Amino acid sequence: MAFLKTQERTKERFSLLLLDLEEYYFEHHTAYHVTTSSKKERKVRGSFKVCSRSVIFDPEDLAEPILKIPLRDCKKIEFVSRENNPFNEPRPSAISISCLQVIYIKEGNVIAPYRNERGAKKVTFQLEGWSKTEDVVQTLLQLHRASCLDKLGDQTAMIAANLQSRLARSSFDKNCFQSVAEKPHMECAVEMVMPLVSNPGHVCITDESLYFQPLNGYPEQVIPIKLHSVRRIYKRRHGLRPLGLEVFCTENDFCSDIYLKFYKTADRDEIYYYIATFLENHVTEHTAESYMLQWQRGHLSNYQYLLHLNNLADRSCNDLSQYPVFPWVVDDYTSVRLDLSNAATFRDLSKPVGALNKERLDQLLARYRGMPEPRFMYGSHYSSPGYVLFYLVRVAPEHMLCLQTGRYDHADRMFNNIGDTWKNCLEGATDFKELIPEFYGNDCGFLENKLRLGLGRKQNGSLVGDVVLPPWASDTRDFLQKHRTALESQYVSEHLHEWIDLVFGFRQRGSEALAAHNVFHPLTYEGGIDCDSIEDPDQRIAMLTQILEFGQTPTQLFTIPHPQRITPRFQNITRSPSSNSPVSDLSPASQSEDSSFEDLTEESRKLAWANMGNLTPISSHKIHKEAVTGIAVSLDGAAIFSTSQDTTLKMFSKELKDFQRSMSFSNMALSSCLMLADGKTAVCSSWDNNVYFYSVPFGRRQDTLMGHDDAISQMCWFDDRLYTASWDSTVKVWQCAAEGSNHKRSQFQLLAELEHDAGVNTIGLNPAGTLLVSGCKDGAVTIWDTSSYGTLQQVHCHTGTIHHVAFSPDSRHVLSVGADSCMKVTDVQTGMVISTVKAVEEQRCFCWDGNSVLCGGRSGDLLLWDLLSNTVTQRIPAHSGAVTAMWMSELCSTVITGGEDRQIIFWKLQS
């Protein structure tokens, strides 16, 4: 659990949480708290800690309470000189503090609300190293003057000056390096950030490790992190400014290993880029789009995906004002059995919590309409430090006491019952909170009062103990298991994108947020106010404090609708019928009945792609005089056809391993070829603006279609319809029905002409023939509905000519490669570019299964890309010039490639 990770570093009873918010712990000295009663002196040994706004004494005897004296309540702090009386034992010098309040903490070594003892008091401390006493008193007098200034801004400035002076007078101790061979790269002053507190010190980064050395030596002298163990690093906003850096040594844990706040953005960036450069061969920097692709395809669970989005949106378990936020997904906390097959069991994820109750929403909207600018619908946020600790008080009681100045909340307002909390979120006038990751984790400690904390007595007389669970959960472990199952359920998988739109996406702000009733106070949004522009320091600090306590909206990750998750083989569970659109018919479950043959074929394909790195060349043949432009194979696999810029169509016999025929239709290059389903006709497109039909049985040209005003670049065929793409900026759709026994196509009926803004260089159909994608010379990808010929999506995703486009087998995504050396994955449903890979060289053609890509590049090599990690997993030497054409068999076990070197190479998968 997040809070316990940093506490494990020290077994001390003292904690930075005993300080006030925004207070620093500067130094400590071994000392004695001296009390006198009936002329008898009593000394208690412990640690005397100098903090920016208080003095804290932590006794070694655990039965003694920790004492805290706020400096603002001190009337007099003085140095008492050493007494050298020849008749008595010498009396060492001491620190005498006259104050109006002493706070007693952890009395009897129990975590409990603090006891404040008010009234005039005199407290005396003797330092064991008494020679330092006078210096310590001078420090306390300086900090006391700061605490007594009238204006908060002046107090903060004076304390900050003291801190910077201490940091400037000290530096990182290089004796702490773990190896004498380490070479330091950079050192600077930072603060280590933990929930509610931060600890100043120095960071030093070497060629082997990242070190943090606290100024006060707490919780240990140095915290080292080996650079080779770092898995992820994130830049963070801290206090609304770009000063944070968070380092993770795990892939999926949402608790980091260290969170640092820098004083200068340039220092933060230098260390970030140094670590990133060091780790570029070890880890991959993921984007929201790359995680989305993994989630869509089932490689990430809903839980993992939400954690990654939270991380990318600046949410951190070390910053309670930006703690990771998770949705309520269950609406039933009263039934004995949790029915995950019933849509009524679930919360409507398309609405924010505040809009789930129509009656309450109507009242909020009425108030909103009568409100002066800036207007907002909800007066509280869905995530704030108070809400996080509301849920976690049983495992983080000291954090709650820190936040609420030494007190717990009223017993009846505490987190007592999950069902009641959900009910209050639906009905409460100011309660719109969501959940935190712990509700879907595996540590049930936050639901149980294992520490036996005295959290208070409710009005009905009962003590606050464990959280009351819904009837469908037998115990806390069962609750978490069922709650996590609900999060990963089919209904949530189908609708989670709607909640992501609200919290991280296009419905977070603007007109879409207004339409979705998702408008919070302007101060909660990133960029809502520039605190640095507020000249008055008091106003600036008050504004910053208000923002941090109120809670912050995550950084916006998506500006267009988030795609839905792919949930094949599920029977749809929906609250209402979805609209009929070509995209909604793409679910694999709706296309055909499952059959054992299809399952076997699919398993064969998966196995083939898993072993694609074992692709081995069988034979190569130089049968053209110029670059190969297209490859087609007969249905029985016996004949291979290829086209070339040398103007010829070649027919190659697989059995005889030699080419049998060569045909030329014009004096201009042929650009592509395909085989018709009858197995008897090869079709070629040409730069002379025509399409040629070649009869294999008769060995001659059968038909010519004069189709365009410029070169035809590529063709597709589906159910007697021919789609031709041309540099004349059109794609034309032709009805080409065969007539008579000779299959002659004398009638070519033009069904549609799809206009583009630039020459069309490539096209592709989805497996069902319901969608067409085109790629243009201006870098635009356009997705068309083949029944209405209407545009579904148009995305300008490349900066140059697009060489090749193709749908994924499930029709959910389109992959495109272009002259800009980029590979882009576009979501069909939303038009969002969900993955961008910058390749080391220009890619010209490819085959893909939705996750992996086998592509041919300018160098002539075949590259096997894993799109989920954006990495090349295999480079296979192939042609001596660019790979220009590629064909793959239905079972993905045979590949044929053609290149600028005029060769055709046959490849087989070797088991």
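Backbone N, Cα and C atoms are what each Cβ position is placed from, and that goes for glycine too.
Owing to the predicted nature of the structure, the values given are computational and were not obtained by experimental measurement.
Positions annotated as compositional bias 'Low complexity' by TrEMBL: 576-590. Positions annotated as domain 'BEACH-type PH' by TrEMBL: 179-276. Per TrEMBL, domain 'BEACH' is recorded for 280-565. The repeat 'WD' feature in TrEMBL is assigned to 705-735, 753-794, 795-836, 876-911.
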Problem - Confidence summary (mean pLDDT) of the repeat 'WD' (795-836) - result: 93
Completion exercise
Contact count check, CB pairs under 8 angstroms to the repeat 'WD' (705-735), set 753-794, 795-836, 876-911; argmax is 753-794
Handout entry: Counts of helix, strand and coil residues, the domain 'BEACH-type PH' (179-276), according to DSSP
Key = 15 helix, 51 strand, 32 coil
Handout entry: Beyond the flanks of the repeat 'WD' (876-911) by at least 6 residues, Cβ under 8 Å
Key = 601, 604-605, 608-609, 611-633, 637, 640, 642, 644, 646, 652, 842, 844-847, 849, 854-864
Practice task
May I have the DSSP-based helix, strand and coil counts for the residues of the repeat 'WD' (705-735)?
Solution key: 0 helix, 21 strand, 10 coil
Practice task
Summarise the repeat 'WD' (795-836) by DSSP state, stating how many residues are helix, strand and coil.
Solution key: 0 helix, 24 strand, 18 coil
